[in-house]
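Each remark here refers to the structure printed beneath this line.
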Amino acid sequence: MAERTMAMPTQIPADGDTQKENNIRCLTTIGHFGFECLPNQLVSRSIRQGFTFNILCVGETGIGKSTLIDTLFNTNLKDNKSSHFYSNVGLQIQTYELQESNVQLKLTVVETVGYGDQIDKEASYQPIVDYIDAQFEAYLQEELKIKRSLFEYHDSRVHVCLYFISPTGHSLKSLDLLTMKNLDSKVNIIPLIAKADTISKNDLQTFKNKIMSELISNGIQIYQLPTDEETAAQANSSVSGLLPFAVVGSTDEVKVGKRMVRGRHYPWGVLQVENENHCDFVKLRDMLLCTNMENLKEKTHTQHYECYRYQKLQKMGFTDVGPNNQPVSFQEIFEAKRQEFYDQCQREEEELKQRFMQRVKEKEATFKEAEKELQDKFEHLKMIQQEEIRKLEEEKKQLEGEIIDFYKMKAASEALQTQLSTDTKKDKHRKK
């Protein structure tokens, strides 16, 4: 019977066989163990599970939000057009199942409706903030469940906000600054200059510089492209200088030479959507979908959601430090809070018992006093009744005596009458 031998790890000396921090030794293996296939397992699992990406589009009505999304994914996702006659800002939410090769993407697009159409625009950002917080709250409640299933949970948190800026060519509107200021701590903001084909190339660059200057001066934090990852560093370095992206959307195909391209046909020529000399659409698409989608999701979870979670748990009485300012785990916090809640329940239960017993004693005293009053009243009435009975008995005896005397007198009267009648008869007989 063949024996199965295990390949033993051997230490590779480096710099005099030094050890790393925490006594972690760098080792290599001889032979095949199989854990080199872990990346393949993750890829297979991710493909099987599919991916989720949630986009929030904020901009005035008719600025081209739906058209740009259709252009990004090269399909018609939305047919109906929004009206300009909304009394309040609303949100339209649509979820789509997209597939490219063997990769499935569940895409959720949230678009503002009626944004910027009101006379009083001061609170236009509030429905957007409320929606983002509601998605954070839903995820937090799922996390706090005893039997939670985040693997199967549909993550509806907003991963990126495409903020559409009107191509005025001058500066940002007060509404833009107010909204982005209230959103920058909750979502990854990517500013876009919509309908960039309405501005000349020189004016467009001036407008970009003006926008970035206003964002910085107002302390508005937009999404910072990561440059610390090797795969994305070079691409992001070349793109970061283009912010805000000047974009044009179109799903129509026009003929340029002998080929059909997506673009817009004007009397003066053709604007090609995917021509980098005409607009920044290709740069935006590559940055958003090809390079940084996972980073946007990771930053949403580790920064924006964690900030919301921390503030929410603080309001609930949870902290991430102990009495001596030492960091503690969430499990320790939960157990301490659970014990505190249990002790509080015990105290409140004891207080309720004491209050109940006190009220019982008070009621018993009230009942005893009422019982005594009733007993005294009963005795008084009983005494009155007995006195009445005594008087009636005396009256009865008196009446009975009077009746006896009456019958005696009656009998005597009857005897006298009988005697008189007899004497009268004798006198008559004697006369005869």
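Glycine residues also receive a Cβ, built from the backbone N, Cα and C atoms like all the rest.
Feature annotations, courtesy of Swiss-Prot:
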- 59-66, G114, 195-203, G249, R264: GTP binding site (BINDING)
- 332-412: coiled coil (COILED)
- 49-315: domain 'Septin-type G' (DOMAIN)
- 59-66: region 'G1 motif' (REGION)
- 111-114: region 'G3 motif' (REGION)
- 194-197: region 'G4 motif' (REGION)
Query - Arithmetic mean of per-residue pLDDT over the coiled coil (332-412) - result: 90
**Report entry** Listed in sequence order, residues with CB under 8 A of T198 (GTP binding site) and six or more positions away
**Finding:** P167
Requested in this report: Could you break down the residues of the region 'G1 motif' (59-66) into DSSP helix, strand and coil, giving a count for each?
Outcome: 2 helix, 0 strand, 6 coil
Query raised in the report: DSSP helix, strand and coil counts for the region 'G4 motif' (194-197)?
Result: 2 helix, 0 strand, 2 coil
Query raised in the report: Using a 10 Å radius around each Cβ and counting other Cβ atoms from all shown chains, which of the binding-site residues K65, K201 yields the largest count?
Result: K65
Query raised in the report: Under DSSP, is K201 (GTP binding site) helix, strand or coil?
Result: helix
Report summary line: A correct count of other C-beta atoms within 10 Å of the C-beta of K195 (GTP binding site) gives 21
**Report entry** Those residues of the chain, 6+ apart, with a Cβ under 8 Å from that of G249 (GTP binding site)
**Finding:** G64, T67, L68, I69, D70, T71, V273, F281
Report summary line: Cβ atoms other than its own within 10 Å of the Cβ of G62 (GTP binding site), all chains, total 16
